[in-house]
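Peer 1: Just dropping this structure here.
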Amino acid sequence: MFSRKKRELMKTPSISKKNRAGSPNPQSSSGELPRKDWTEAPGLEPPATSLSTVAKGTGTLKRPTSLSRHASAAGFPLSGTATWTLVRGYRSPLSAASPAELPTEGAFPDGVEDISTLLADVARFAEGLEKLKECVLQDDLLEARRPLAHECLGEALRVMRQVISRYPLLNTVETLTAAGTLIAKVKAFHYECNNESDKREFEKALETIAVSFSCTVSEFLLGEVDSSTLLAVPPGDPSQSMENLYGAGTEGPPHNVEECEEGCLPPEEVDMLLQRCEGGVDAALQYAKDMARYMKDLISYLEKRTTLEMEFAKGLQKVVHNCRQSVTHEPHMPLLSIYSLALEQDLEFGHGMVQAAGTLQTQTFMQPLTLRRLEHERRRKEIKESWHRAQRKLQEAEANLRKAKQGYKQRCEDHDKARLQVAKAEEEQQGTGPGAGTAASKALDKRRRLEEEAKNKAEEAMATYRTCVADAKTQKQELEDTKVTALRQIQEVIRQSDQTIKSATISYYQLMHMQTAPLPVNFQMLCESSKLYDPGQQYASHVRQLQRGEEPDVRYDFEPYVSNNSWSPIMRTRKGSFNPGDASGPEAAGSPPEEGGTSEAAPNKDHRGGRGHQVHKSWPISISDTEVGLDTSSGDLKKFDRTSSSGTMSSSEELGDQEAGLVASAFDSADLNGMDPELPVAMPSGPFRHVGLSKAARTHRLRKLRTPAKCRECNSYVYFQGAECEECCLACHKKCLETLAIQCGHKKLQGRLQLFGQDFSQAALSTPDGVPFIVKKCVCEIERRALHTKGIYRVNGVKTRVEKLCQAFENGKELVELSQASPHDISNVLKLYLRQLPEPLISFRFYHELVGLAKDSLKAEAEAKAASRGRQGGSESEAATLAMVGRLRELMQDLPAENRATLLYLLKHLRRIVEMEQDNKMTPGNLGIVFGPTLLRPRPTDATVSLSSLVDYPHQARVIETLIVHYGLVFEEEPEEAPGSQEGASTQCGQLESAEGIVFPLQEEAEDGSRESHAASNDSDSELEDASDPLSSSDASALHRLSFLEQTEAGLEEGPQSHSGSEEQLEGEDGAPGPWLCHFNTNQSNNTSRAPLPTMRLRGGQITGGTSQERQPQFV
């Protein structure tokens, strides 16, 4: 049965993939559904499987609303969601509403065992169908066949349901439509008599489900499952069937269906009617136009309705989140479980509605209908244009025909006149005498010539007229052909749009029904559950769970007065104050160890905690000249003079806060009993101690702002709730203290600096080495914590944060704190600074020569690749690269000193970025693309973006890539500086020669991935430490070694902020002690310049240098 050809299936009404192409959610059409709603057979009972269990396996599938109730009775999972019950097992059916979100578990067979299991299930299903066929078609036991057939049908469908629940991708439209048809045929079969038509229809339905299921399994095993055939999520009504789409359950088909079929004309008759009537094409085009407007109105209506529903769902979710905690806070409240479940249901309903709105917008309604409308309009305009073109051709032919007809008549009249004149001339010649014959003959000849010309013109006009008549007939026929074609195309477009509207409408109302169908059930369930509650039940439960002892029996007796003279309240209290068990307050905290006892450590610790909380309160204002402190050695209180602050006098409240901070620090520094405190760090004091301060804000001594000033963080004026630093006079909003990025410089902060867009030569004057502070600051922070960040310099930062960081640099200069900023924001600031320079780092005058070098290099590389294709070797490409590197070295030497120093500093940093290429994914090529237009750009012109600059982007990137890769060759004579050193500290790392001229081999790759430089910055408390890597030799080519020249530097670990000559000893190549580092150092007293390194040369793939005798100290 499963081996028959699928073409036999074409005899039965089915859904082809071609018809489903225009539908976003293909549904079964009316021609494929059974037309009768027969009564249920008593022998087909629903299985014991609960709906929630069924939904657990197929909760993410979509199914049509038309699945038969008998499929449900046979075990088909009809609902994508569990029925609302008292257990909270409801899940939103839209959790996987699209085929792309189907569950991965069980989607495809994992191995041979799963395929074997699937094939075994298919065999069981085939056996069930064979049994069903034998049971239905047997000739004996006519009346007893009905319950037996229903039992066989249920068994076969249960097997099918198990397969579909295990492999959800088998749940297709064709399979379940065929199942519904088979169920209808089994119900409608007349078992009392052998009707041949019933047998043929039953066999056809059986063949249909067999072929459909086998084809679906085959496509599933081959991985060719069409996602468009997956079913939509059905409503949760298990009684819904395919027959219910036609109305109530009557014995025959409803009358409205028959009337609809009688009134519906075939497409050919519709076209014939429009062809025969006048203006048929125009009427069809107008209908198509109205239909496009109708689709637009539908989309607008559904969009507004969906927006309202989404707002309602979000508002409902917000109400549930706000009220759930307060409602469920107290246990044992009446009907608490009911309202808890109602809250859960409302939350799930809100989630479902939000997801349903998203599905409507992107999958099922708005997007498909919008695309269909656009396509509908495009096709309508094309058909309209072709129809109007054919009409214009016919009109032109008719106009030509009228002109030709008029000309033909005129020529014929002229010919008749000419003939009459000739006849008249002949008569006159015959009536005259022989003496006048010469003049008459001449006139006669002339009139004959005119008559001949008129005749020729009449014949030409007749020919033209006949041609125009033929052309008009041709154009008329072409217009008729165009009319037929246009009507057929218009009807096709309209039917496609109808199908899209139908599918979208079915999907929409199915989705809405699925969302709203559980609501009445939920409310009814909550109502019935509420009826079961007995008043006072929860109160009794609450009282029963109280863990209280029995109330003691209290007796009231008279006690006579007894006098005791030795008793004294004062002595009693004073004695109790030294009791270590009852000690509390300052007396207990200040008691000496011998009185308080050392065994009571835990109580004393508790009392210290209470005391520590109290000392943060402001002291009384009456204490003006002295402050109360603690002597950490004896625990006694003493008085000391208050030190005056460097700023203006603070208010009394600030004085109290400062005194409280001092006492708190005294209490925190040592315990009263001589023990270490628990919390060594004191709480922040002052008027802003309760505000979350940033790292930079904690470096300021803040007080309340007295006069209006401009906030250095947000660049707006501060009038109220402002803070001011006593030392640097920085003003800031109270709320801006949480994000303040400017540290305290312990001197008055200067005014705002125009940093971005400033001339580079002016910016470089502020630093001794010519590298602007913003470049050092950003590079140091990136190397400290962002060398491994993926996409550094390629990923842009957040625009608002970048603007605030730029503003902080202009306000605070080198005092900006970057430890809390995003690495991408910092890199964006650096790129923005370099990009906004009036003249780029590589001057304008080098642009054309550098671009020419890049062009020549790319051309030589392409020629070398073409020449070396099919053979080994790349010497020509290496030679071209070496030539370009040599020319780059010469050009870079002509750069201004500050530009060269900054470029050298930046390229060293980019080399460290490249060393971490495996982590940050930033190759030299990527960095060249990022920094090419930034460091190298042409002189600006009147045009916004010139075409040449766009063409030169690859060449700019090539130049920067070459500078990064061959950095060691281009800048081989440059000394190595530690990034971030702003005082010119002599941290010369990477010397390649020893005192006796020892040759160090080149290093191919860093062993531990990267080598970060040391930073001793006077404007930031962050330091970068050198990671020393041992030198290693390799056998690679000389060019590749030279491209990693800077990796050959020996790691010399130097203490931070070293201001004296180092006495460390270098290690030689073979592990033996090398020369002392002091031989390479210059005099450090008042020395702010560096001695240049000796010249390095390439000999046999190794770097050699001069001896230490060639190096002389330089004094400044």
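Every residue, even glycine, has its Cβ placed from backbone N, Cα and C.
Dumping what Swiss-Prot says about this protein:
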COILED    375-498  coiled coil
COMPBIAS  22-31  compositional bias 'Polar residues'
COMPBIAS  448-457  compositional bias 'Basic and acidic residues'
COMPBIAS  621-635  compositional bias 'Polar residues'
COMPBIAS  643-652  compositional bias 'Low complexity'
COMPBIAS  1080-1090  compositional bias 'Polar residues'
COMPBIAS  1105-1116  compositional bias 'Polar residues'
DOMAIN    268-538  domain 'F-BAR'
DOMAIN    758-971  domain 'Rho-GAP'
MOD_RES   SER23  phosphoserine
MOD_RES   SER72  phosphoserine
MOD_RES   SER92  phosphoserine
MOD_RES   SER98  phosphoserine
MOD_RES   SER568  phosphoserine
MOD_RES   SER577  phosphoserine
MOD_RES   SER591  phosphoserine
MOD_RES   SER618  phosphoserine
MOD_RES   SER946  phosphoserine
MOD_RES   SER1017  phosphoserine
MOD_RES   SER1020  phosphoserine
MOD_RES   SER1022  phosphoserine
REGION    1-72  region 'Disordered'
REGION    422-457  region 'Disordered'
REGION    569-658  region 'Disordered'
REGION    1004-1035  region 'Disordered'
REGION    1050-1116  region 'Disordered'
SITE      ARG794  site 'Arginine finger'
ZN_FING   699-744  zinc finger
Peer 1: Tell me the Cβ contacts of ARG794 (site 'Arginine finger') under 8 Å, same chain only and six or more apart in sequence, or just say none.
Peer 2: MET922, ASN926, VAL930
Peer 1: Which numbers of helix, strand and coil residues does DSSP report for the zinc finger (699-744)?
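Peer 2: Secondary-structure breakdown of the zinc finger (699-744): 5 helix, 15 strand, 26 coil.
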Peer 1: If you average pLDDT over the domain 'Rho-GAP' (758-971), what do you get?
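Peer 2: Residues in the domain 'Rho-GAP' (758-971) carry a mean pLDDT of 86 in this prediction.
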Peer 1: In the compositional bias 'Basic and acidic residues' (448-457), how many residues does DSSP assign to helix, to strand and to coil?
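Peer 2: Here the numbers are 10 helix, 0 strand, 0 coil.
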